[in-house]
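The structure appears right after this line, and notes come after that.
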Amino acid sequence: MRTDYCGAINTRHLDKTITLCGWVHRRRDHGGVIFIDLRDREGIVQIVCDPDNVAAFQIAEKIRSEFVLAITGTVRHRPEGTVNHGILSGEIEVLVNAIEILNPSLTPPFQMDDDNLSEAIRLEYRYLDLRRPVMQRNIRLRHQVTMAVRIFLDQHGFIDVETPMLTKSTPEGARDYLVPSRVNAGHFFALPQSPQLFKQLLMVSGFDRYYQITRCFRDEDLRADRQPEFTQIDIETSFLPENEIMGMMEDMIRRLFASVLDISLPDPFPRLSYADAMFLYGSDKPDLRVPLVLTELTDLMQDVPFQVFRDAAQKAGGRVAALRVPGGGELSRKEIDEYTQFVGIYGAKGLAYIKINDLTKGIEGLQSPILKFLPESVVQSILERTQAQNGDLVFFGADKAKVVNDALGALRVKIGHERNLATDSWQPLWVVDFPMFEWDEEEKRWQALHHPFTSPSQGHEDFLTSDPGKALSRAYDMVLNGMEIGGGSIRIHRQDIQSKVFQALNISDDEAKLKFGFLLDALQYGAPPHGGIAFGLDRIVAMMTGADSIRDVIAFPKTQRAQCLLTQAPGAVEEKQLRELHIRLRRTENTNN
């Protein structure tokens with residue numbers, strides 16, 4: 001039916017008779033000649049319907065937007081002055097010999113070139129939204145990414161192995177999606193949050209290099225850019241230390257960006273410890289495009305009269321830090337108030353500042369409500385440490401370290417981009433040496449910072465029982481432009497160490513055996529040292545395409561309320577289906593009636 005793609009036609013096809021199939025992007029009637037922009041996945045070509053061809057012209061008069069057509073015609077040069085350099089086929093046009101309407105179309109609810117559509121309309125008519133060139137490009141680039149990954153991993157001896165989609169619920173962290181079993185009444189499968197345990201079992205089984213591009217599921221409260229089902233590039237390997245795994249994986253990402261975007265990423269990627277990342281950037285996923293850093297001031301503030309700073313400096317786990325904003329002296333009171341409101345989102349109770357007007361005048365050359373509470377020697381030390389210059393502004397954070405890091409870390413990125421201080425570049429790095437655990441104030445117990453199968457750093461095994469807060473892990477995260485795109489670790493391959501981690505997490509032996517007994521058993525049968533990583537495919541593709549949301553790089557995504565506007569899922573089911581599954585719904589009464 002078709003000899004060529006619309007977007008692939010160019011001057012090489014001159015004087016050839018071709019057959020094209022596609023959708024009517026636009027139809028124009030100019031002085032009795034009908035022009036049709038015909039679109040397919042490769043692009044657009046201009047079709048010319050001359051009234052001398054009566055049969056074809058009569059059909060062309062009936063054609064409207066989004067009709068799907070088959071057209072046979074002859075390729076010719078466009079007339080002088082009508083060349084369109086904005087499209088690949090812009091030097092030629094196709095003079096119609098014959099047209100067939102393969103299927104008409106209702107009037108679409110939106111134009112395919114409308115860039116101001118509401119997301120609700122786009123998702124409701126996703127099959128039309130996906131026709132838009134930008135969505136075609138996004139989904140095809142996603143395909144290029146997965147193909148590049150598969151080729152790289154195949155070349156490095158990795159085997160694609162599928163793991164179960166129906167598995168056991170082990171609720172740690174996010175909630176599982178549960179699937180009732182009809183044949184095992186009262187029992188439920190869970191959809192996997194990751195293939196973590198199965199890929200470790202594959203290492204025990206001797207498949208020493210595994211990968212899978214797989215769907216994962218988390219029934220969590222959706223944040224701005226999360227999906228209940230998402231895609232991971234899941235990788236595991238045996239007998240390699242973390243340095244070799246990290247080297248191989250950054251090589252894969254470098255090749256990916258080179259082949260898909262023709263972009264050269266640094267070689268090697270910088271590495272930063274978790275402690276240094278928090279100290280300098282207030283974040284374990286720092287955006288290195290922003291050149292600003294935090295400056296430590298806790299030691300300076302131990303005895304200052306300013307109580308807000310002094311209390312934070314003296315309390316265990318407190319921090320006082322500064323953020324210098326080059327040229328920030330021009331910020332208005334209104335802008336400073338807006339930044340103060342912004343850091344409040346992260347728990348900060350205020351945002352003190354000093355404007356540097358003229359360093360040669362000493363204190364008189366500074367402007368701030370807090371100067372009267374700070375000794376001149378302390379102010380001088382602040383200026384020296386921050387390397388403040390005339391015209392700069394220094395913001396301060398003083399609170400628990402987490403609040404200061406979260407608030408100033410987010411403010412650093414916001415100011416960096418809003419004030420055009422960030423570079424237009426790709427800045428990857430590895431963050432390493434994470435703590436094994438973090439303390440949960442609500443539950444009053446330790447929780448795994450990554451997951452409970454992460455190996456402690458060498459020499460830190462004894463901390464698991466004596467002082468879990470001191471234990472570091474063999475975890476590593478790949479960060480790109482302030483986004484975590486991959487997270488991995490060396491896993492625990494000894495049953496005794498795994499049991500100690502469960503104990504540190506307050507998981508009893510009985511609970512561990514019930515949830516993870518199969519893993520604990522497997523570790524006793526010659527489990528090899530192993531480790532791996534999982535990359536977020538949706539996130540990587542969104543960054544590569546410049547999409548505002550991962551929903552723009554997923555063919556059929558859910559909304560922020562975990563709903564599919566196209567199919568109206570999730571939906572109610574018939575009572576008969578519930579009975580077959582041995583499920584009875586408990587309906588809550590409306591107490592307002």
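The backbone N, Cα and C atoms fix where each Cβ goes, glycine too.
The stretch that Swiss-Prot tags with region 'Aspartate', taken from the ranges 4-7, 48-51, 196-199, is 196-199.
Just one of E162, E296, E461, E484 is listed by Swiss-Prot for the same ATP site as R218, D219, E220, Q227, G536, L537, D538, R539, and that one is E484.
When each of the recorded positions H30, R218, H450, R491 is scored by how many other Cβ atoms sit within 10 Å of its Cβ, H30 comes out lowest. Sorting the region 'Aspartate' (196-199) by DSSP state (H, G, I as helix; E, B as strand; all else coil) yields 4 helix, 0 strand, 0 coil.
Spacing of R218 (L-aspartate binding site) relative to L537 (ATP binding site) is 16 Å (Cα to Cα, whole number).
L537 (ATP binding site) carries a helical DSSP state (H, G or I).
When averaged over the region 'Aspartate' (196-199), pLDDT in the model lands at 97. Of all residue pairs in R218, D219, E220, Q227, E484, G536, L537, D538, R539, the annotated binders of ATP, the farthest apart have Cα atoms separated by 20 Å.
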